[in-house]
Structures are given as C-alpha cells and as structure tokens.
Amino acid sequence: MKNQQTNNKKRHIIITTTAVALLGAGGLWAATQAHSDQQATHTSSYQTKMQKPKASKGSQAKKEKGKNTVNDIIDQALGDSSTSTSSEDHAFKSATNSVLDSNPIAAIAKTLDTPAAKASLAAATAAVEPPKALNDNSDDTASVKPLTNDTTDTSQTDQGKTNDDGKTPTPVNPIEPVDPDKPVNPITPVNPDNPDNPGNPVDPVNPVNPVQPEQNTAPVLNVPEDQTVSLSHNGTFDVLNGVTASDKEDGDLTKAIKVTGNVDLSKEGTYTLTYSVTDSAGQTTSAKRVITVANDLPVISADDQTIEVGTSFDPLVNVTASDVQDGDLTKDIKVTGNVDTTKLGTSQLTYSVSDHDGGQTTKTINITVYAKDASFSGLDALTVQQGSTPDLRKGVSVSDPYSATPSDFTVTACDTKTLGQKSVTYSYVDKWGHVTTKDRVINVVAEKPVFKGLQDQTIKLGDHFDPMNGVSATSTNGPVTISYVGEVNTQKAGRYTLTYTATDQNGQQAEQTIVVTVE
C-alpha cells in the first residue's frame, strides 16, 4: 500500500514538473484554462530556494549547463532507470515520453483537463517535499522558508558563509509576495497552428498575418432611363433591351436579370418595370424604370395661303393628314370655315382629323384674298417755283389690271409757299375696292433772278466795249450777284460770246448768253 502511494506521488510529480518544464508557469496555467471551465484556486506561494539536483551515482545522463531535459525531470521524479525496479514506473515513463514526443503541448493540456488529473495535481502539490534552499550544504532534506515582507539585505546575514568550493555565495534578492486574493491574468490559449495569432486563421503565404475575408460586392444593374414609346397594335416592347448586370465576383450577370411587370403597347398608360439580379453570395440589386405608352396624334399638313380675288379656291388642295398607327388620313379631314374669293381680306379655316384610337388633331390656317395693284406712269420728280400752282396731273396716267377703262385717280395737294422737297400721293381704287397708291417728289424752289440790259450787240473795230454796261438782275429773294464768262477783242473783227450768271441769296441762279460782233 505504501509503495502504491509512493508511485502515485511520483506520477503526480512527473505530470506537474513536466508541464512546468515544457510550458512554464504561464503555459501550464493556459493549458489548464484552455480545457476547463473550472477556475483554479490559488494557494499561498512560498519563496523557495531550489538546490541544483544531484545526479545519481550510476546515471548515464549527461546534463548540459543550465538545462534539464524531459527525461531528466522524469528520472529525477521516478529515479534512474538503472536503479528503479518498478515495472509500473518503467511503463509510465515510456507512455509519457511517447505522448510528449508526439505533441507535448496538446498532450499535457489534454491530460490536465480531466477531473482525475486536476485532483492529482492538487494532491501532488501538497505531497511534494519542499526543496532545500540554495547554498545550503546540508543533506538532501529540503526546507521551506515562508515568504515574508522582510526586506532585510541577505548579503549581511550570509556573511561568512561559503559554498563547497570555498567561494562566498551571491546574495539572492527576495521575490515579491503573491497576493492570494488577486487572480492571475489569464493567458490567451495557444493556437497550435498559429502561435503568433491564436484567434485567426493561418495565412498559408504569411502565417503570422491572418487572411482577412473580403466583403462581397453587390451586383451592378445598368438600366436605361424612363422612356416614352408610341402606341402600337402589332408591336412589342423588349423590356431587357439595353439592360445589363455585372458583379465583381461573378462577372457578367445579364442573363440572370429578372423583370417584374410588362408593357402593353396596344394600350395607352404608364408601366413600371422592376429589374433585379442576385449574385452567388445572395446579394440582390434592384432598379425601377417607367415606360409610358402614348398614342401619336395625327399630323395635319396645311399652310397659310393667299389667293387672288375672283379666282376659284378648294380648301383641301395641298392639305394632307397622316398617323403613325393608321397611315394616311387625308380623306378623313374635316374643314370648318368659308372663304369668299370675291371679297378682299383674310378668312380662317380649321382642319380636324381623328385616328382609330380616338386621338384628334386640329389646325387653323389663314386664307388671304388679294387684288393686284394698278400701275401709274409719269410720276418722275418735279421742280416748281415757290408760290406757283403746278398741274400735278399733267403727264400722269393709270393702268387697272381688272378694267380696260380705269376710273380717275386722285392726287394730294402740294404746298409751294415754302421752299424744299415735298411729296404728293396718287391713289387709284379698282372695282374690288382695292386701293393702289404711289408717291411723287416735288421740289419747291424760289423764283430765279431776272436779267435786264442783256442783248446781242454789234460794234466797230477799235471801239471801246464794257461787258457790264447796262446789265442788271433782280430777285424777289433779295440782292443778286452777276458774273460772266467770255472776252471780246475789239481790235479784231469777229463774233464773240459772253455768258452771264445771276445768283440770289438763296442760291437760285439765272443764266443768259449774248453775242457781240466786231466789224
């Protein structure tokens, strides 16, 4: 019974020390916490000074300086295999080494996450003999020194002591006491596949940086703008014409577009079409479009017209009507209004036509009846003397296109009392009542100066001759200036011509020429 308890104690020591050696204190805590929802109860900690274990006398294991292997820890707990006689110890060591070699961290974590292991761990902790303090040259029996808040310099109390090699030991600073009521900060469980980032998936290219999943992009619908189309009894409307869809992940999704609603081209009205498309990730995009079906009204072709008086007139000549759906509707045109071609003036005609769908169009035009003008002759500009009464009908005649014997024309009076350019109007009225008018320019000028004493003369060879002798001029507008052009040589027989000019203060001039004969 005692041997059984000893073996159990050794197993507890192996589990505990192996976990601590592989994981450290934090790793052991993490492994325990990662596989259990139970919270460990922290016991009071004791400051211990561990003595370096002594190798068994016959042991073949060689320890490197500052390191302990897993086998070393197991050997120290169970004893050297060369001295251990327990078959149970040998079997336990073999099983432990096999598990640790395959996956030490996962194996320890799984092993510790059982009620039995946890109970054993607690029992092992209580059963382990305290290791003896460092620098203590006593026997293998270890002593435990409780933790205190004493900060006394140990270098003073250890003076005079030496190690086995005769050297003075190095003072050890005390470890800060652990507060049993303060929980230890839990460590995030280690992800065996990615220790640097335990909570994220491993990036096969760069394992340290996890791959962030991409957000799915919604499809894009391209729908034409709202449209107005013509009413058609035989036509169809392609609701997908010009509509496309694409997706970043799936590419072209035009064939996956779904349409709700339809368009009936045979009925006027407004139709709403709803387009939708869904990608492979389940995201849906939708859009609406309004199609208006409208009846195209008939078109009437008719323009304003002018017709000559007395001629015949057909109101439907050169007037047509057409419709997109019904074609030529000229025969269906109706006219309201009347045109009397014997009367001058403007009349209105209104045309209307309806298509087979009830659409009606009306159009109003103006019909003007006109007459040709009469023509005047002899209306050139006329110059008259100031204060005179000229005959303005003299030399003027009129021609009427509708009468061989035109009636008399009239002319407005001209004021000759004032100087300047005047205008008179000639008018003629034909049998239709059409009046033809023409204007004529009249220039009213002042009376020209009048010469006195100018006449042809005959003188003897060698006689004296004065061209201005006895010559004068008068004007109703005031003083007159007289000048002449020419020369008479009294020393030479012959005929000589002299031209005189008289100019009044208004610029009116009078000219007269005489002949002087020298014999």
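The backbone N, Cα and C atoms fix where each Cβ goes, glycine too.
Per TrEMBL, the features are:
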SIGNAL    1-30  signal peptide
REGION    39-70  region 'Disordered'
COMPBIAS  39-50  compositional bias 'Polar residues'
REGION    126-203  region 'Disordered'
DOMAIN    225-293  domain 'Pesticidal crystal protein Cry22Aa Ig-like'
DOMAIN    303-369  domain 'Pesticidal crystal protein Cry22Aa Ig-like'
DOMAIN    451-518  domain 'Pesticidal crystal protein Cry22Aa Ig-like'
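Under DSSP, the residues of the domain 'Pesticidal crystal protein Cry22Aa Ig-like' (303-369) split into helix, strand and coil as follows: 3 helix, 33 strand, 31 coil.
Per-class residue totals from DSSP over the domain 'Pesticidal crystal protein Cry22Aa Ig-like' (225-293), listed helix then strand then coil: 3 helix, 33 strand, 33 coil. Mean per-residue pLDDT, taken over the domain 'Pesticidal crystal protein Cry22Aa Ig-like' (225-293), amounts to 93. Sorting the domain 'Pesticidal crystal protein Cry22Aa Ig-like' (451-518) by DSSP state (H, G, I as helix; E, B as strand; all else coil) yields 0 helix, 35 strand, 33 coil.
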